[in-house]
Amino acid sequence: MAVIVWWLLTVVVVAFHSASAAVVESTWEVEYKYWWPDCKEGIVMAINGQFPGPTIDAVAGDTVIIHVVNKLSTEGVVIHWHGIRQKGTPWADGAAGVTQCPINPGETFTYKFIVDKAGTHFYHGHYGMQRSSGLYGMLIVRSPKERLIYDGEFNLLLSDWWHQSIHAQELALSSRPMRWIGEPQSLLINGRGQFNCSQAAYFNKGGEKDVCTFKENDQCAPQTLRVEPNRVYRLRIASTTALASLNLAVQGHQLVVVEADGNYVAPFTVNDIDVYSGETYSVLLKTNALPSKKYWISVGVRGREPKTPQALTVINYVDATESRPSHPPPVTPIWNDTDRSKSFSKKIFAAKGYPKPPEKSHDQLILLNTQNLYEDYTKWSINNVSLSVPVTPYLGSIRYGLKSAYDLKSPAKKLIMDNYDIMKPPPNPNTTKGSGIYNFAFGIVVDVILQNANVLKGVISEIHPWHIHGHDFWVLGYGEGKFKPGIDEKTFNLKNPPLRNTVVLYPFGWTAIRFVTDNPGVWFFHCHIEPHLHMGMGVVFVEGVDRIGKMEIPDEALGCGLTRKWLMNRGRP
């Protein structure tokens, strides 16, 4: 099994920062590679021949410079730095069609930005469904004065994996009628899973030991994390899944949740943790179990009927005498027990000393999430508009006043839902497509109510983890059924709501968030499930338009569509 030694990682980090001072710089070549993520050969999108991509390790205040070389033969690429607010550098956010053009094959684009706040983050492709192809890695920003006390740490990057290519998946989702891509074949921890092995890569369903086909040095073999007894370890967890909602447990150990999406939270103890796509956590694990044993870290599916085996990693005490854990891994909680999931979400509060939200908001959006049809194509819509991101990036269109590049009519801020039954399929299944924006003045307080509803057929409402670019927001609360304006606001938590950049919208319910428009730019706000975003489930926020018009934006970020023509006519190359 692959072994990670925490103290070695720490030495590397210290040496890196000693040599690099306040600049973390690297050149990344993105290309397809043959790989065995789940013991079955497939094609991954690798960085410098590595899958998952290299970990960025920086200190708050550092400048990160990444030169991305596109070595893909026939497609563009961008990279989004998930959780980094990009204050003053919206062009470096890495959202194709929103903040930049795709990097063409053979070309290089340089991302340069400051990591202004410590936390556990990650990066991933944000063009088409490239995240699902393995274009992702961890991004750790350390605090010069860490408030947590622990002896070592490990990164756990969680993902899901299909044997079908992303191009086939995109075609299936865009077909008429839509062809659903199905559940992932495997779950991965740090790029490793076991598709052709029995449960736990060691046990069959009856609990009897079984033999797997992989060897100890295979790319799919479970990693081993070596620990010493009676120590405290920080597990940095990030979910970059394309579809799956997950649950993580460590056999024989409890977890203390201390960080969520790069923000400290009031510590609380759990036996396992739900992790939705786009979320990150830090948990503290005390190694107080029998040191002669080995223990499983297991990751299973939540929120969808599980048809995918667990992903596994091994906790190995240095004095352990076992060759492998002698017991089956923890059983993932029942997939459709949403009350259990909601109970976990409602335990998350801001740590002491964190800023409280403003008492009142200046504006409110109520975003109704529905599944609809557009000319018989299945789409996801927000307030009856399925987002169609234009070829010309919004940031360039707004910076240079190119008003023909996107729809000037903004989507509805609220739909009249008095007679809309969220518990049933939509009475009118048809929707529209659009590229309009929500335009906010600089420095105002905005509330967003995410409202879930039934899908096109049956009695089903899906989980949607929503992620915002360029911001953190306060999670004010969750509710059942249809949001009641003027009434449900009274239930908002204004005392100690957590700051997040990703929040879950539960089936047949609503979620309320609040943020301040203090970061001039164009920011994506979307469901973090790849198929849902591909099918139109997102909106675009623009704030501080007058300030965007004064920004110095690199021409290379905007060299496509109408901005390309505008820049050429200005006499620039």
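Cβ coordinates come from backbone N, Cα and C, glycine included.
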Additional site residue, His163, His167, His469, His471 [criterion: listed by Swiss-Prot with His126, His526 for Cu cation 3]: His469
Cys220: disulphide-bonded cysteine as recorded in Swiss-Prot, out of Cys39, Cys101, Cys527: Cys39
Recorded Cu cation 2 site member, picked from His82, His534, that accompanies His124, His528 in Swiss-Prot: His82
Listed in Swiss-Prot for the Cu cation 4 site shared with Cys527, His532, Met537, one of His362, His464: His464
Residue pair Cys220 (disulfide bond), Asn196 (N-linked glycosylation site) - Cα distance, angstrom, rounded: 10
Cβ neighbours of His80 (Cu cation 1 binding site) where a neighbour is any other Cβ within 10 Å: 28
Rounded to the nearest Å - Cα separation of His532 (Cu cation 4 binding site) and Cys39 (disulfide bond): 28
Candidates Asn196, Asn384, Cys527, Cys560, namely the recorded positions, that fall within 10 Å of His467 (Cu cation 1 binding site) by Cα distance: Cys527
Environment of His126, His469, His526, the listed Cu cation 3 site - residues of the same chain whose CB lies within 8 A of the CB centroid: His80, Asp93, Ala95, Val98, His467, Phe524, Phe525, Leu533, Gly538
Distant-in-sequence Cβ neighbours of His124 (Cu cation 2 binding site), under 8 Å, six or more positions away: Ile79, His80, His82, Gln130, Arg131, Leu135, Tyr136, Gly137, Thr240
Neighbouring C-beta atoms (10 Å sphere around the C-beta of His528 (Cu cation 2 binding site)): 26
